[in-house]
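What follows is a set of notes on a single structure, which appears directly below.
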Amino acid sequence: MMKTLALYGLTLALFFLSGAHSAKITFTNNCPRTIWPGTLTSDQKPQLPNTGFVLASKASLTLGVQAPWKGRFWARTRCTTNSGKFTCETADCSTGQVACNGNGAIPPASLVEINIAANRGMDFYDVSLVDGYNLPVSVATRGGTGDCKATSCRANVNAVCPAELQVKGSDASVLACKSACTAFNQPQYCCTGAFDTARTCPATKYSRIFKQQCPQAYSYAYDDSTSTFTCSGAPDYVITFCP
């Protein structure tokens, strides 16, 4: 019995010394239609137990994420199952299932990116339109210390999306807005090759459209100064689609 207690105490001590804690991430769907959020863990780490799920209008769901953790979240729209294969018209992850199983969203997709620190250290989080836009989204913290400001892209970017960036549905409505990188695959838009630094890859007329609509969100790869947010002390997070 004493040996069991000693081992339990050692395990508990190692747990706290390692800085392990679990952050709660709550997803809320304020959109008028059902969405299918997806999750992707970065850095070749194991995926979360739940990599995709259905979320009805006005519904919420909470996932626990063990720190340290880094990854992204998005929502798929207009999804259907035909002949046993699940597909979505925007932000599909191409698994044929609701679960994304380590696949990311096919652009365009509005993203929430979170880097949860160990030792209750400084987390980083953002809303990113680097891969384009499909839905309004926000992320806010609960608890934590420091700045801990909410960030969002609340605008309907689809309404002002240039024709050359538009993704249209079968009914001719604009479902999503591509990034210039996705649309044209040119290094000056993708910040690659000779354009792979902040100095050589400035904002473009296309990224400025995203920035004008959503000033807090990343509009292209080097849009860090106004788009990255921080919070320390092991906060929880609330991600709201159509805030």
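First residue shown is number 1, and so on along the chain.
Heads up, the Cβ atoms here are built off N, Cα and C, so glycines get one too.
Here Swiss-Prot flags CYS31-CYS242 (among others) as disulfide bond. Long-range Cβ contacts of CYS31 (disulfide bond) within its own chain (separation 6+, distance under 8 Å): SER57, ALA75, LEU135, PHE241, CYS242. Under the DSSP three-state reduction, CYS31 (disulfide bond) is assigned to coil, being neither helix nor strand.
Annotated disulfide bond per Swiss-Prot: CYS79-CYS88 (among others), in sequence order. Around the Cβ of CYS79 (disulfide bond), 18 further Cβ atoms fall within 10 Å across all displayed protein chains.
Counted within 10 Å of its Cβ, the other Cβ atoms near CYS100 (disulfide bond) come to 26, all protein chains included. As annotated by Swiss-Prot, disulfide bond applies to CYS93-CYS100 (among others).
Under the heading disulfide bond, Swiss-Prot lists CYS148-CYS231 (among others). A strand conformation is recorded for CYS231 (disulfide bond) in the three-state DSSP classification. In sequence order, MET122, ASP123, TYR125, THR141, GLY144, THR145, GLY146, ASP147, CYS148 make up the list of same-chain residues 6 or more apart from CYS231 (disulfide bond) whose Cβ falls under 8 Å from its Cβ.
For the recorded site, CYS214 (disulfide bond), the DSSP three-state label reads coil. The Cβ of CYS214 (disulfide bond) has VAL127, LEU129, SER152, CYS153, ARG154, ALA155, VAL157 as same-chain neighbours under 8 Å, each 6 or more residues away in sequence. For CYS153-CYS214 (among others), the entry in Swiss-Prot reads disulfide bond.
Taking Cβ-Cβ distances under 8 Å and a sequence separation of 6 or more, the neighbours of CYS177 (disulfide bond) in its chain are PRO108, GLY132, TYR133, ASN134, VAL157, ASN158, CYS161, LEU165, GLN166, VAL167, PHE210. Taken from Swiss-Prot, the feature disulfide bond applies to CYS161-CYS177 (among others), supported by sequence analysis.
As annotated by Swiss-Prot, disulfide bond applies to CYS181-CYS190 (among others), with the evidence given as sequence analysis. The Cβ of CYS190 (disulfide bond) has 19 other Cβ atoms within 10 Å, all protein chains considered.
Summarising the annotation, Swiss-Prot assigns disulfide bond to CYS191-CYS201 (among others) and lists sequence analysis as the type of evidence. In sequence order, CYS181, CYS201, TYR220, ALA221, TYR222 are the residues of the chain that are 6 or more apart from CYS191 (disulfide bond) and have a CB within less than 8 Å of its CB.
Marked as signal peptide by Swiss-Prot on the basis of sequence analysis: 1-22.
When the neighbouring Cβ atoms lying within 10 Å are counted for each of the disulfide-bonded residues (CYS88, CYS93, CYS148, CYS161, CYS201), the highest count belongs to CYS93. Considering only the disulfide-bonded residues CYS79, CYS93, CYS100, CYS190 (disulfide bond) has CYS93 as its nearest partner by CA-CA distance.
Minimal Cβ crowding within 10 Å, among the disulfide-bonded residues CYS153, CYS181, CYS242, is found at CYS242.
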